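Single-structure report; data block below.
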């Protein structure tokens, strides 16, 4: 049994932000922090007070996280970025919105007294005495304190207040992981109701000390327990009233927290086997669970259910059969060929998810070079005469501005060149298209041709394929390359217009250049010769694409499996330390890294024949490094065991917080099942004769901070998690259980009356009855897990805090 938490985050837009630049504008971006740890940075939107981001993220976290905060920043090229304001959502607030938090929220000022993080290790006890008892507080150590000084560290000390007395620890210089091991005694009066207050501070020689956090302990509860020891989370100081600083603007967010208790695999086997049996039966037998699931799934959660089902069947090797069943169901209720797969049905949503899960690398290979060219050229492109702005295009010759006709002709030439290059890339891609996608399109093509065999519908099988390949895959990726991981930043206005016109042309080709699509925007006429040629090319491509037999499919799949693509790759800066000499950022060397399911390798270039490998099975942790260690906040460490079992560390520098977290996520997910994973680590480096983080002199000393192996970002190429997918399906079915029971009663009544439901030759209620029994068994299994001693164990440390 494992408890898992995930956050679905959509950062939509901001409005009415204050101007931070002398031009009266700002260059805003967002930083997302979980428990004050940066995990996401959005793109910067330049010169605006009402930025639109539209960025989506899925973050997997341990269930013990407390807050997620959104900081709106103003990017500055020459000085430190300005903080505009923040929105903070607690875990409890998110849990109170099961369907997710959505809407506009006012930004508030960032108060230093609320910017706290970390934990403090205390041992508290009541010591009996002859005349009076004493309250003893041992301040042992702290970890992950907020860095308050410019050097990326703090100089922490602790104040302990009780019963009118204040005592202090010594100051530990330049450490966010201090160890004090100091004990303080206070007289304990009978019936005392005052709390014991433990405050952490950053000592400053010149300016005021900075607040690092506090813990307030309920002494009455401590008297009952007599003694407690553990790590207490530092809390912000909210005793001072917040001073308003005018309107800081608003942020539109969509955030959903999902907590799941994932049971052992054996618990989900009956559910998975039942669903797989239904897919194998198809539309021939009495199994009708998939249609019932579709009917009871609301539009708002259809995409999520489709993705989960698709991943579940992909893991069982039945994705093609599942999609084929959905194709047949959709065709069975479609009478008009021109409406086929145009709705947001389960079939359409499942096919969308399938292409993203199985075909993203294929998409990148086709679109990547063309999208890069459009971004790099930054040409002004416009075909609509009503939108042409001659001033935007400069001059074609000396002292003579371009005419509108010249602008339109030049734009048409640019778009034709991009379209020809794109069609050429598509037509050459038959052999690089994943075999499972080709086989699925083959089934779709055949099913549609069987359903609409007349000559007047000869284009319908092609349009069925292009409705997914072009309209729901290529065109959206061209329109929004960042959402498909083709670019790190959104396009500017000029590039966006070029991409929009190119996407429209691809849609026209995907629609097989129908008169309706031509009539909508007559100004697209200059592209018509290329579009007509593209239709012929695309038809030829589709015929080759679907011309795949089962043996060829298996051979291609085996070849693909034997040449597993990298999980992640790209250039990074490396520093390998043997504990000799000083460590500095200048000692980093740029190399090309590649992470596969077998190893992390690095070489001078991506094409180098000689590489160095770190076996994936030998990785023990992948963690961030303190900013003060190298003067950069974008450095991670990979701790691994060498051939003789000794711990070694390699330090890698990334270019930004997003790249850092993407590499950390990839490494953590790839090594999640490794033996010997570390539970603690040193976020600093061993410089000279001690660790820079906690100042301990033993190089083999246990780490001073917890590892974060469960903090990961969801990516399109994540490995399938069969148990989690089964749990998500169970959770959805549990939510529609009442509708399933109602459907079961109707089917049972019809069978008893001797009326067989349309399309069912057997007893469809048997499948539903099995499903309802499986749901009941899983409900009982979850109930047993919640009733276990570990689940019921009280959180003493939380109860002690006031």
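Every residue, even glycine, has its Cβ placed from backbone N, Cα and C.
Small disclaimer: the values here were computed from a predicted structure and weren't measured.
Feature annotations, courtesy of Swiss-Prot:
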{"type": "DOMAIN", "residues": "1-105", "note": "domain 'C2 1'"}
{"type": "BINDING", "residues": "21, 27, 74, 76", "note": "Ca(2+) 1 binding site"}
{"type": "BINDING", "residues": "76, 79, 82", "note": "Ca(2+) 3 binding site"}
{"type": "DOMAIN", "residues": "116-232", "note": "domain 'C2 2'"}
{"type": "BINDING", "residues": "149, 202, 204, 210", "note": "Ca(2+) 5 binding site"}
{"type": "BINDING", "residues": "204, 207, 210", "note": "Ca(2+) 6 binding site"}
{"type": "DOMAIN", "residues": "317-545", "note": "domain 'Ras-GAP'"}
{"type": "SITE", "residues": "342", "note": "site 'Arginine finger'"}
{"type": "DOMAIN", "residues": "565-672", "note": "domain 'PH'"}
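Shown on the structure are the features that Swiss-Prot records.
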residue: 27; record: Ca(2+) 1 binding site; DSSP (3 states): coil
residue: 74; record: Ca(2+) 1 binding site; DSSP (3 states): strand
residue: 79; record: Ca(2+) 3 binding site; DSSP (3 states): coil
residue: 149; record: Ca(2+) 5 binding site; DSSP (3 states): coil
residue: 202; record: Ca(2+) 5 binding site; DSSP (3 states): strand
residue: 207; record: Ca(2+) 6 binding site; DSSP (3 states): coil
residue: 342; record: site 'Arginine finger'; DSSP (3 states): coil
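Pairs of Cβ atoms less than 8 Å apart link the domain 'PH' (565-672) most often to 116-232, out of 1-105, 116-232, 317-545.
Of all the binding-site residues listed here (21, 27, 74, 149), the one with the fewest other CB atoms within 10 A of its own CB is 21. Comparing Cα positions, residue 342 (site 'Arginine finger') lies closest to 21 out of the binding-site residues 21, 79, 204. The binding-site residues close to residue 82 (Ca(2+) 3 binding site), defined as a CA atom within 10 A of its CA, are 74, 76 out of 74, 76, 202, 204. The Cβ of residue 79 (Ca(2+) 3 binding site) has 6 other Cβ atoms within 10 Å, all protein chains considered. For the binding-site residues shown (82, 202, 207, 210), fewest C-beta neighbours within 10 angstroms: 207. Taking the centroid of the Cβ atoms of 149, 202, 204, 210 as the Ca(2+) 5 site, the other same-chain residues with Cβ within 8 Å of it are 148, 154, 155, 201, 203, 207, 209. Calculated from their C-alpha atoms, the gap between residue 207 (Ca(2+) 6 binding site) and residue 149 (Ca(2+) 5 binding site) amounts to 11 Å. Residue 21 (Ca(2+) 1 binding site) sits 12 Å from residue 79 (Ca(2+) 3 binding site), taking the Cα positions as reference. What surrounds the Ca(2+) 3 site, by Cβ distance within 8 Å of the Cβ centroid and not counting 76, 79, 82, is the set 20, 74, 75, 78, 80, 81 from the same chain. The shortest Cα-Cα distance from residue 76 (Ca(2+) 1 binding site) to any of the binding-site residues (149, 202, 204, 210) is found for 149.
Each residue contributes its Cα atom, and for residue 149 (Ca(2+) 5 binding site) and residue 79 (Ca(2+) 3 binding site) these two points are 17 Å apart.
Here the CA atom of residue 79 (Ca(2+) 3 binding site) lies 23 Å from the CA atom of residue 210 (Ca(2+) 5 binding site).
Recorded residues residue 74 (Ca(2+) 1 binding site) and residue 202 (Ca(2+) 5 binding site) have their alpha carbons 27 Å apart, per Cα-Cα distance. In this structure, the CA atom of residue 204 (Ca(2+) 5 binding site) is 24 Å away from the CA atom of residue 79 (Ca(2+) 3 binding site).
Distance from the CA of residue 202 (Ca(2+) 5 binding site) to the CA of residue 79 (Ca(2+) 3 binding site) is 25 Å.
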